[in-house]
Amino acid sequence: MKQLLIFCLLFGSIFHHGDAGCIMRGLCQKHTENAYGPCVTNDTNVEPTAFDKTHPAYEKMVEFCPHLLTGDNKLCCTPSQAEGLTKQIAQARHILGRCPSCFDNFAKLWCEFTCSPNQQDFVSISEMKPIEKKEGFTPEYQPAEAYVNTVEYRLSTDFAEGMFSSCKDVTFGGQPALRVMCTSTPCTLTNWLEFIGTQNLDLNIPIHTKFLLYDPIKTPPSDRSTYMNVNFTGCDKSARVGWPACSTSECNKEEYANLIDLDDGKTSGQTCNVHGIACLNIFVMLAFIGSLAVLLCVGFVFTSYDEDYTNLRQTQSGEESPKRNRIKRTGAWIHNFMENNARDIGMMAGRNPKSHFFIGCAVLIFCLPGMIYHKESTNVVDMWSSPRSRARQEEMVFNANFGRPQRYQQIMLLSHRDFQSSGKLYGPVFHKDIFEELFDILNAIKNISTQDSDGRTITLDDVCYRPMGPGYDCLIMSPTNYFQGNKEHLDMKSNKEETVSEDDDAFDYFSSEATTDEWMNHMAACIDQPMSQKTKSGLSCMGTYGGPSAPNMVFGKNSTNHQAANSIMMTILVTQRTEPEIQKAELWEKEFLKFCKEYREKSPKVIFSFMAERSITDEIENDAKDEIVTVVIALAFLIGYVTFSLGRYFVCENQLWSILVHSRICLGMLSVIINLLSSFCSWGIFSMFGIHPVKNALVVQFFVVTLLGVCRTFMVVKYYAQQRVSMPYMSPDQCPEIVGMVMAGTMPAMFSSSLGCAFSFFIGGFTDLPAIRTFCLYAGLAVLIDVVLHCTIFLALFVWDTQRELNGKPEFFFPYQIKDLLGAYLIGRQRATDTFMTQFFHFQVAPFLMHRMTRIITGIIFIASFITTVILSSKISVGFDQSMAFTEKSYISTHFRYLDKFFDVGPPVFFTVDGELDWHRPDVQNKFCTFPGCSDTSFGNIMNYAVGHTEQTYLSGEMYNWIDNYLEWISRKSPCCKVYVHDPNTFCSTNRNKSALDDKACRTCMDFDYVANSYPKSSIMYHRPSIEVFYRHLRHFLEDTPNSECVFGGRASFKDAISFTSRGRIQASQFMTFHKKLSISNSSDFIKAMDTARMVSRRLERSIDDTAHVFAYSKIFPFYEQYSTIMPILTTQLFITVVGVFGIICVTLGIDVKGAACAVICQVSNYFHIVAFMYIFNIPVNALSATNLVMSSGILIEFSVNVLKGYACSLRQRAKDRAESTVGSIGPIILSGPVVTMAGSTMFLSGAHLQIITVYFFKLFLITIVSSAVHALIILPILLAFGGSRGHGSSETSTNDNDEQHDACVLSPTAESHISNVEEGILNRPSLLDASHILDPLLKAEGGIDKAIDIITIDRSYPSTPSSLPCTSRMPRAHIEPDLRSL
């Protein structure tokens, strides 16, 4: 933690003098307790003197400067100088010691400068100052009258560049070691030398050293002795006998890149190209040409030769048609079986509607009580990730071993001001008043308090995270840490004397004059070196929590440096290891958010942005409540449209109340309630089995199920209305026959479509994505229950309402009744379906669509469109923009925008090793450590490589490797791990026992490792702890806080990084680093980050070659894991859906293979068209869009099955004519019914504030509806016209092709034969209606002849309806039916 201090103390060793070869010698000027200026040896060079071998510093000189101790051991430094030099070189080992060669070169630099007997050859004094007497201190060199203040140190470029080359790739804490020794990024040799030569007494650097570089090639031979040019050691070579060379990861990054190949081929694939053209594009072009050729051939064949029509003519010529094969007979049997049973159900309901009603009520009574167990999941993770998913399983393992990661609370301040024109810190936020406000905010947050359910007060101190232990403050990552949280430090002033030479120094940032901006000088120093213990301003940069504040964590920027920061970030960490801690944290966060919202309204100086861990959940709930009005309006339109569009409205007998006779207001409203009840039943059943939906999924489910139910309601009611046109008058007593006929015509299609819808939904329920799974399961069961309720409760209601209509009674006014029922019927039957939509489809759309050229052109357009959508669909992206879940005005949306724009740090990621390993064994340690002697492809080296290749791995920042720190902490040369001599089992901490750190009271732990001491010193076993010592001191390491004496203490970084078994062994451990900055609005960043992290974890697992499992975990992974597999899962499910739908339609419609194939073609095309439009409108594939694709299956099935059923029931002979009649009769029902209902209610969602609603439930759902309608009403009929099946009743009866009453929605032959047996022989199943059946009751009634003549006359001449007519209609008049015109 104290790298800079440790390194800079090294430079306090640059003091000496001599006469013959020394120009400075001894200590003369005391600046601080650890910084002494060396003595000037006047004008006479002083010869070096022999070093005393008995002095304790001699052994250290042998260790660090052995090249100087040869022969007579004459040096230019005194023993006291050498002692200070070696102590500080030893501390510099913490930073550079990972590469022994680098460290040796660095030691040579300062050994030569301080102690070389040839010092006068390459060191010159530039500035000296008179010695000032200090009490208690006597200069070591008595003749000296001045001390050295500035020197010039001449180096050869060979040594300087060789030293820099050996050190440039050395890492410290996962980052380049030179980064803490150099203010520029990247660090260059010149900048490095200038920085380490800068004078700073507060950092114990007593003199200013100017490095001058000389090129040996360009320097004359006579001058080559004027610069220091000792031999350097390359990083790939051993510096000393017994020392290892630097590891490849610390020496040659280019070579190391060839050793470690992270890509295992599972995260990227090669793109197929032929001469630069994508293979997919080539394929679709060929497919288009082939499809176009097939279409033209088929069009030619079917326009010149109609097999069905020829067979009909042959049959009419007396030729006997071939006997149906077994498949056709089976299909006919299925067809008749379903119609007959449907008719029986309808007739039973017509006779006894109460029984059906009570059966439906029994279903409700069985299902609805389960609602008492109903609850919605409000956990955001549960909404997006399955508990069985890999990320959630790994999260459970991680939490079980290390506890939950801390909760984050964030505040961001942005300045209204512009950049400053001058100054060290010129960013808009570097104003004193802004930092004063920041301190006020922090103090207010610390005073936030709330109470739990027991009345106990909860403050930040009760919930915050303290990495250094109870004796330290909460971890609040903020620039206030640079001032130790003390606002008064902003008023500090500097009055220090000038200590720097007159020459300007680019690295001396601090002014020595008294200034009110001294706080800014101090902050600038902390931004450059955040781990500095003491800046020139006299303050530490360390926070009161015990650690540094990295500039990229506390300052936001959109430039290349933090001096230009335009935002300030404050991050507060809160613990959540246990459920009580989570509850306390959430209570405090609630008050925290309340404070922030209030403060935002009254912060004129800054732009205030914030969020807490619970913010996302809270805002989703709040925004959902705000959108209730929008959803209610949409549902109100849905209910209103269904209620009023089912009926017919015209006045009879000049009575205004008669307008409600043919209305269906109550039936429409109750049908919607039935749909609602079916949803409740689904909820109840699944709740009983413990399957609970995610938040707000039920609203979507109710919406979808209601829309599908509306389709069935319209088909039943409109089918009845159409049949009334072609039926003679039937009395109320014949209601069972009417209902039976309606059920026979609609229930088979209803059953088929419902089964197909439920199947497509249930297939979606097999996914592990909770949002899709729960929606699909609930919707699938609701669809089936809705069918049951339609066949029971709705059917009973339909019977009662039909009886009311047949009796001429208006809704809501039951005492009233139309007297002339027959007169009302004769006009009403004409206006039953002859609306504008019916006429438009019957006379305009259907003939035009079935025209030969129209079909061919439409087919070509369809194929071209399909091919285009395939290409566009291949480019669709996956993901979800988090900001879309909130309104534009939400404080989270604002905060997300600022994070994207200014914040430069990604989320943490933990590489976890799960499994019990023998960590005490050196061979296992070598698989994880990174210093010399460890494997080049060790776990730690791979991690360092991954962190260093950010663009490939999306990893960045420091890598926390506990095994490295522990082995450094317990090593023989480390001052960290010591035990008492009198009690070797008692740990002697550097924090608790400052007076006992000498060898007399405490000695290193390894001195008492008798097992390790039994090995030779050259053996690795000698330098590594034995099993007993390893595990005994591991817990001491985890409790040891880092300090200036020992930077390797593990409490701050590794306290929660290791999980132990009951035997004290390591069960699991984690190695933390960070992702690079990930764009919140670009989910592909998060997806790639997760994929690459897992790629790295797979490589790490191979590196340890053991039974342990390695996985990467981050809090973001459960949210984004779905996107790695959503495309193959969705594709598989849609494929299964298509296959299943084909089978269901084929079987339930009487083995209609051709019709099912046409429906499947439309289904597949519909998928591609929706996905293509998603690409055009920039809507990625995610759980919401996937849900829309599943819904599109249900909607298109509902439409298609009715079209196929109408086509199969048509009595026309040619395929084109059957398709035309289907469009004319089914088209207006579908378009005016479910399509208008869906589209109309969806349009109201466009006014929602939530982008998630406007995009996924307005824009995308509208695309789904329109695409499904186009495929069902245009594409499917055209496909059927090219070659659909003939149905199961078309060959049994030969009729006139032009008889429109025998189109798709007329009675089937079986239905007609059944009704022909009805009492009084009202229907005798003629090909044309017999007028006598209509006129007979009129002729027998009083005045009936006149009325009949009036009606016939009116309908022939098309005049305006006279006032004498019993019924007047508001609807436009249409042509009279053929049977009436024949009168």
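Using the three backbone atoms N, Cα and C, a Cβ is placed for every residue, glycine included.
Per Swiss-Prot, the feature signal peptide maps to 1-20.
In this view, CYS22 (disulfide bond) is surrounded by 30 other Cβ atoms within 10 Å of its Cβ, with every protein chain counted. Residues annotated as disulfide bond in Swiss-Prot, with similarity to another entry given as evidence: CYS22-CYS76 (among others).
Cβ neighbour count for CYS28 (disulfide bond): 26 (other Cβ atoms within 10 Å of its Cβ, all protein chains included). Under DSSP, CYS28 (disulfide bond) is assigned to a strand (E or B) in the three-state scheme. The disulfide bond annotation in Swiss-Prot covers CYS28-CYS39 (among others).
What Swiss-Prot records for ASN42 (among others) is N-linked glycosylation site, and it gives sequence analysis as the kind of evidence.
Taking the Cβ of CYS65 (disulfide bond) as reference, residues of its chain lying under 8 Å away and at least six apart in sequence are, in sequence order, LEU85, THR86, ALA107, LYS108, CYS111, CYS115. Mapped onto three states, the DSSP output places CYS65 (disulfide bond) in coil. Summarising the annotation, Swiss-Prot assigns disulfide bond to CYS65-CYS111 (among others) and lists similarity to another entry as the type of evidence.
What Swiss-Prot lists as disulfide bond is CYS99-CYS246 (among others), and the listing cites similarity to another entry. In the three-state DSSP classification, CYS246 (disulfide bond) falls within coil.
Cβ environment of CYS167 (disulfide bond): LEU96, CYS99, CYS102, ASN105, PHE106, ALA177, LEU178, CYS235 lie under 8 Å away, each six or more residues apart in the same chain. Among the features that Swiss-Prot reports, disulfide bond is placed at CYS102-CYS167 (among others), with the record citing similarity to another entry.
According to Swiss-Prot, the feature disulfide bond maps to CYS182-CYS187 (among others). In the three-state DSSP scheme, CYS187 (disulfide bond) falls into the coil class.
Residues annotated as N-linked glycosylation site in Swiss-Prot, with experimental evidence given as evidence: ASN231 (among others). Proximity of ASN231 (N-linked glycosylation site) to non-local residues of its own chain (separation of 6 or more, Cβ distance below 8 Å) is seen for PHE159, given in sequence order.
Secondary structure at CYS235 (disulfide bond), taken from DSSP and collapsed to helix, strand or coil, is coil. Around CYS235 (disulfide bond), taking its Cβ as the centre, 25 other Cβ atoms fall within 10 Å, counting all chains. As annotated by Swiss-Prot, disulfide bond applies to CYS235-CYS251 (among others).
Feature annotation from Swiss-Prot assigns transmembrane segment to 282-302 (among others).
What Swiss-Prot records for 353-373 (among others) is transmembrane segment, and it gives sequence analysis as the kind of evidence.
What Swiss-Prot lists as N-linked glycosylation site is ASN447 (among others), and the listing cites sequence analysis. Counting only same-chain residues at least 6 apart in sequence, those with a Cβ under 8 Å from the Cβ of ASN447 (N-linked glycosylation site) are THR459.
Under the heading disulfide bond, Swiss-Prot lists CYS464-CYS474 (among others). Long-range neighbours of CYS464 (disulfide bond) (same chain, six or more residues apart, CB within less than 8 Å of its CB): CYS474, LEU475, ILE476, ILE572, LEU573, VAL574, THR575.
As annotated by Swiss-Prot, disulfide bond applies to CYS526-CYS541 (among others), with the evidence given as similarity to another entry. Sequence-distant neighbours of CYS526 (disulfide bond) (same chain, 6+ apart, CB under 8 A from its CB) are TYR482, SER532, THR535, CYS541, SER549, PRO551.
Among the features that Swiss-Prot reports, N-linked glycosylation site is placed at ASN558 (among others).
Looking at 627-647, 697-717, 856-876, 1179-1199, 1260-1280, the range that has the most CB pairs within less than 8 A of the transmembrane segment (780-800) turns out to be 697-717. Taking the disulfide-bonded residues CYS39, CYS111, CYS474, CYS976, CYS977 in turn, the residue surrounded by the fewest other Cβ atoms inside 10 Å of its Cβ turns out to be CYS474.
In summary, the transmembrane segment (1226-1246) lies against the transmembrane segment (697-717): three or more C-beta pairs, each 6 or more positions apart in sequence, are under 8 Å. Sequence-distant residue pairs (6 or more apart) of the transmembrane segment (1126-1146) and the transmembrane segment (1157-1177) include at least 3 whose Cβ atoms are under 8 Å, placing the two stretches in contact. Here the transmembrane segment (627-647) has long-range neighbours at 662-665, 667-669, 671-672, 699, 703, 706-707, 710, 713-714, 717-718, 1232-1233, 1236-1237, 1240-1242, 1244-1245, 1247-1250, 1253, meaning same-chain residues at least 6 beyond its ends whose C-beta is under 8 angstroms from one of its own. Each of 353-373, 697-717, 746-766, 1157-1177, 1260-1280 was scored by its Cβ pairs under 8 Å to the transmembrane segment (856-876), and the highest score goes to 1157-1177. The average pLDDT for the domain 'SSD' (627-800) in the predicted structure is 84. Looking only at the recorded positions CYS39, CYS76, CYS246, CYS934, ASN1082, the one with its C-alpha closest to CYS976 (disulfide bond) is CYS934.
In this structure, the CA atom of CYS76 (disulfide bond) is 11 Å away from the CA atom of CYS39 (disulfide bond).
Taking the Cβ of CYS246 (disulfide bond) as centre and 10 Å as the limit, one finds 28 other Cβ atoms among all the protein chains shown. Sequence-distant neighbours of CYS182 (disulfide bond) (same chain, 6+ residues apart, CB-CB distance under 8 A): THR188, ASN191, TRP192, PHE195.
Cβ neighbour density within 10 Å is lowest for CYS187 among the disulfide-bonded residues CYS99, CYS187, CYS251.
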